[in-house]
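Features reported for this protein in Swiss-Prot:
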type	residues	note
BINDING	48-53, Arg131, Ser139, Tyr194, 228-233, 258-260	3'-phosphoadenylyl sulfate binding site
BINDING	Lys107, Thr108, His109	substrate binding site
ACT_SITE	His109	active site, proton acceptor
Amino acid sequence: MGTVDAYLRQPWSTVHAIPMVSAFAQNWERVDNFQSRPDDIVVATFPKSGTTWISEIVDMILQGGDPKKCKRDAIVNRVPMLEFAAPGQMPAGTEQLENMPSPRIIKTHIPADILPKSFWDKSCKMIYVGRNAKDVAVSYYHFDLMNKLHPHPGTWDQYLEAFMAGKVAYGSWFDHVRGYWERRQEHPILYLFYEDMKEDLRREVAKVAQFLGRELTEVALDAIAHHTSFEAMRDNPSTNYSVVPSQLMDHGISPFMRKGITGDWKNHFTVAQSAHFDQYYAQKMAGTDLRFRTHI
């Protein structure tokens, strides 16, 4: 399976009963057996929930708020994605991470219950970002249109049903957001919300810095909030994924950084779809105190 054609637009594979990107699922042992280090910082999200955004924020905090240092390399190299693989095109995430000096920032979308055991055993700090399900579904649909590592999403209606049923990469959004939420009692997890970041980015950056034990000046906090605005990141070649080969991601179909707003779901969901989704959501989120905002 070394050629690109062997894994582009292929159906999902399955890893530990979770749907997974075909290219990533090959040789999953490298992920299961991955050895963490106690000072690793894990950035975890369900896809399309602000992963690149929080990754850039964490890197900037570690660099003391210096934007020049964050332009030293593309985000995919500064914050490797643990499970990523695109044989013959780009290095695997596990390979990149093994060669990185500490402290490493490790990005992942892997659900909590199948995250490599080593991260839990070593009590690595984790930063999780949750985003409301309706906006995630819309963003993920557009992402799957342009990301050839995923199968074609079909129509929006078909995709929404698949999303609700957990038949998308990384499985159920509901299980994912709850999985990390429930583990935060016993594990050092800072649980953030995309909507809070949109509302007051500087406040949320300060939370992350405090969680990581990093003292930042007011000037550094301002610099990070400015540098990590959606507009700045969309126009920054080191964060906008323009380095990813067009064979894998076609930015002409939909840019990797598309809108970065809360409430775009209203432009896609019909009234009937929204009502159907809300009913299903209430069932799946029963019994948890985890709450999301669908508008700000």
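Just so it is clear, glycine is given a Cβ too, placed from its N, Cα and C backbone atoms.
When Cβ atoms from all protein chains are considered, those within 10 Å of Lys107 (substrate binding site) total 25, not counting its own. Separating the Cα atoms of Thr51 (3'-phosphoadenylyl sulfate binding site) and Lys107 (substrate binding site) is a whole-number distance of 8 Å. A coil conformation is recorded for His109 (substrate binding site) in the three-state DSSP classification, outside any helix or strand.
Neighbour count (other Cβ atoms within 10 Å of the Cβ, all protein chains): 22 for Thr51 (3'-phosphoadenylyl sulfate binding site). Spatially, by CA atoms, the binding-site residues Lys48, Arg131, Thr228, Glu231 include one closest to Thr108 (substrate binding site), and that is Lys48. Each of the binding-site residues Lys48, His109, Arg131 was ranked by the number of other C-beta atoms within 10 Å, and first place falls to Arg131. Looking only at the binding-site residues Lys48, Arg131, Thr228, Glu231, the one with its C-alpha closest to His109 (substrate binding site) is Lys48.
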